[in-house]
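Colleague: Before I ask anything, here is the structure I am working with.
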Ligand code: ADP
Ligand code: MG
C-alpha cells in the first residue's frame with residue numbers, strides 16, 4: 001500500500017467542501033455518472049476502432065448499488081478504467097480546467113462558493129460532500145491488474161487489489177441517510193443523467209401483478225434500468241421539452257444554470273448530421289483564456305470522438321456548447337483528417353451559418369434576450385470581424401453599438417436608417433471610457449450637425465473597426481476623419497504661432513493645426529489617417545509589439561475660442577499656455593498627463609495671478 005498526499009489545491013478544495021454547508025449536494029451523482037459515461041465513451045471508441053479491444057465482451061452500462069446496512073452507495077461502470085498511475089494523477093491532483101476555474105473564483109464565502117460548486121461541478125471531489133470515505137476500485141481495459149484507491153479526504157492510498165472485469169467501481173461511505181433511498185437516487189438520475197447514452201441500472205422494489213385480485217399486491221426486488229439512455233440529440237424535436245434540453249445542457253456543460261437558448265438541427269441532405277448547440281446564460285470562466293476548453297463534442301454515428309478539438313467551431317463562437325454528430329465520417333478520424341476533411345468543413349460552415357442566423361432571429365424577435373446574449377458574448381462575436389472571415393457580413397448584422405444620441409444598443413442597420421439625408425459615412429469613436437468618448441471634443445462638430453456617432457469602448461473595438469471599412473456599401477470612418485467642406489478655415493493668421501507651438505510641444509505632438517471641428521473646446525488630439533491611435537498602440541504593445549515607437553497625435557486648436565486669440569497675442573507665456581492647452585485636450589480624452597507636477601505648478605501660478 002502506498003500513501004499519498006493530495007496536491008495542495010485539492011486539499012483546499014476538499015476542506016471547503018467538507019466544512020461548508022451546501023444546498024445542492026446531489027450534484028455529486030451527476031459528476032460521478034458523467035465520469036462513468038466518459039469512461040464508457042472512451043472504451044466504446046477503442047472497441048470500435050482498435051482490433052485489440054475486440055476480444056472484450058463489451059456492453060456498456062452503469063450500475064448503482066445501495067447498501068442500507070453498511071450505509072454505502074456504489075457507482076460502477078465497465079468503461080476504460082484506470083491503472084495505478086492514473087488513479088494517483090486523476091484523483092490526487094487537479095488537471096481539468098473546470099475545477100481550476102472553480103478554484104480561481106472561490107471567495108471563501110461559503111454561500112457564494114456553494115453556488116459555484118453547482119456551476120462548475122468540481123467533478124470527482126464533489127463526492128466528499130456526501131461521503132467521509134471513498135474507495136475507488138479500478139481495472140484498466142485489457143490489463144490484468146486492479147488497484148484500490150482509498151481516501152478519507154485528508155490523504156489517500158493506493159494498493160493492489162482484484163476485480164473481475166474492467167472498469168471502475170466507486171464506493172461512497174455516506175455521511176447520512178439522505179441518499180440511501182432508491183426513490184431519491186432515481187429522481188436525481190432522471191433529473192441530471194436521463195439522456196447520457198448508456199443505461200443505468202439499480203435494484204428497485206417493484207409491484208408484481210398477481211392473478212388473484214383479492215390478494216394485497218406483492219413486491220419484489222428487480223434490477224431495473226432507471227434512465228432513458230438515448231442520445232437526446234437524436235430524438236425528435238417534437239418529443240422534447242425545454243426542460244429536457246436544459247437538463248441535457250447541464251450534463252454536458254459543467255454549468256448548472258439554464259442556457260439562454262438551444263439550436264437543434266437535423267440535416268438530411270447530401271451530408272447527414274445532427275447538431276445540438278447551446279448558448280450559455282453565464283460567461284464560462286475561461287472565455288478569454290488562451291487555453292479555453294472547447295465546449296463542443298464531436299460524435300460520429302453516436303460514438304463519442306473528441307471534445308478536445310478547438311476547431312469544431314471558429315473561435316468567435318467559442319462560447320457555444322453542444323454536440324456535432326456526423327453520419328458520414330470514419331470512426332477513426334484523426335486530428336489531421338478532421339482538419340482537412342470536406343464533410344467536416346461543410347458541417348462546420350453550415351453550423352456557423354445556422355448559429356448566426358438563429359441569433360439574428362432572436363435579435364429581430366426578442367430584443368431583450370438578444371441584449372442579454374450580447375452583453376455576455378458580444379465581444380467574442382466581434383472577434384469574427386478581425387481580418388478575413390467568410391461570415392463577416394452576417395456578423396456585421398449582429399453587432400450592437402452605443403451611440404452619441406441613443407442610450408440603448410443599436411445595430412448598424414438602425415444607425416443607417418437614422419442617418420441624415422446628406423450623410424454619406426458611418427462615424428465611430430473608439431477608446432476606453434464611454435463617458436470620455438461621448439464627451440470627446442472630436443464629436444463637437446458632429447453633434448452640432450446632429451450626426452450620430454458610434455461610441456466604441458470595448459478593448460477590441462480599436463482593432464476591429466478599422467478593419468470593417470464599410471457596412472452595406474456605406475463607408476465606416478473614425479469621427480476624427482469626418483470632413484465638412486464648407487468649413488475650411490484660413491490657417492495663415494496662425495502660421496507664426498503654430499510654428500512656435502510645434503517647437504514647444506515637439507516631444508508631445510506630431511503637428512499642430514487649426515480646426516473647424518471644435519465648437520466649445522479649445523483643443524483636441526487626433527491621429528494621422530494612417531497612424532494607429534492611442535488605444536490601438538496600447539493593444540499592439542499588449543500583443544507583444546513592445547518596441548513599437550510611440551506615434552504622436554496631432555494637436556488641433558479651435559480658432560473661435562477665446563484662448564485662441566490669447567495665443568495670437570501672447571508672446572511671454574506661450575510656453576505655459578501651450579502646455580495647458582495640450583493637457584486639457586489630454587484630460588478630456590481621459591489620457592494621462594505626462595508631467596503632472598509641472599502642470600500643477602503652471603496652473604497654480606496662473607490661479608495665483610488671477611486671485
Ligand atoms: P473531469 O471529469 O472533468 O476530467 P473529474 O474530477 O470528474 O474531472 O475526474 C477526474 C479524472 O478522473 C477524469 O478526467 C478521469 O480521467 C478520471 N476518472 C474519474 N472517474 C472515472 C471513471 N469512472 N472511469 C475512468 N476514469 C475516471
Ligand atoms: Mg467529471
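Cβ from N, Cα, C; glycine included.
As listed in TrEMBL for this protein:
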- 31, 35, 77, 82, 90, 97-98, 119-124, 168, 335: ATP binding site (BINDING)
- 1-335: region 'A' (REGION)
- 539-611: region 'C' (REGION)
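Give me the local environment of each listed feature.
Modeller: The local packing around residue 90 (ATP binding site), expressed as other Cβ atoms within 10 Å of its Cβ over all shown chains, amounts to 18.
Across all of the region 'A' (1-335), the predicted model scores a mean pLDDT of 89.
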Colleague: Can you list which of the binding-site residues 90, 122, 124, 335 have their Cβ under 6 Å from some atom of ligand 1?
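Modeller: The ones that qualify, in sequence order, are 90, 124.
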Colleague: Name the residue among the binding-site residues 31, 77 whose Cβ has the smallest number of other Cβ atoms within 10 Å.
Modeller: 31
Colleague: Across the region 'C' (539-611), what are the DSSP residue counts per state (helix, strand, coil)?
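Modeller: Going through the region 'C' (539-611) residue by residue, I get 41 helix, 4 strand, 28 coil.
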Colleague: Please identify which of 122, 124, 335 has the densest Cβ environment, defined as other Cβ atoms within 10 Å, among these binding-site residues.
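Modeller: Going through 122, 124, 335 one by one, the largest Cβ count within 10 Å is at 122.
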Colleague: Taking DSSP three-state, what's residue 90 (ATP binding site) in: helix, strand or coil?
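Modeller: Note: residue 90 (ATP binding site) is helical by DSSP.
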